[in-house]
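A quick write-up on the structure given underneath.
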Amino acid sequence: GCEWDSWC
């Protein structure tokens, strides 16, 4: 998710 990665 946006909390640990940048795929959101």
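Each Cβ is built from the backbone N, Cα and C atoms, and glycine gets one as well.
Per Swiss-Prot, the features are as follows:
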type	residues	note
DISULFID	C2-C8	disulfide bond
MOD_RES	C8	cysteine amide
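Cβ-based neighbour count (10 Å, all protein chains) for C2 (disulfide bond) stands at 7. Around the Cβ of C8 (disulfide bond), 6 further Cβ atoms fall within 10 Å across all displayed protein chains.
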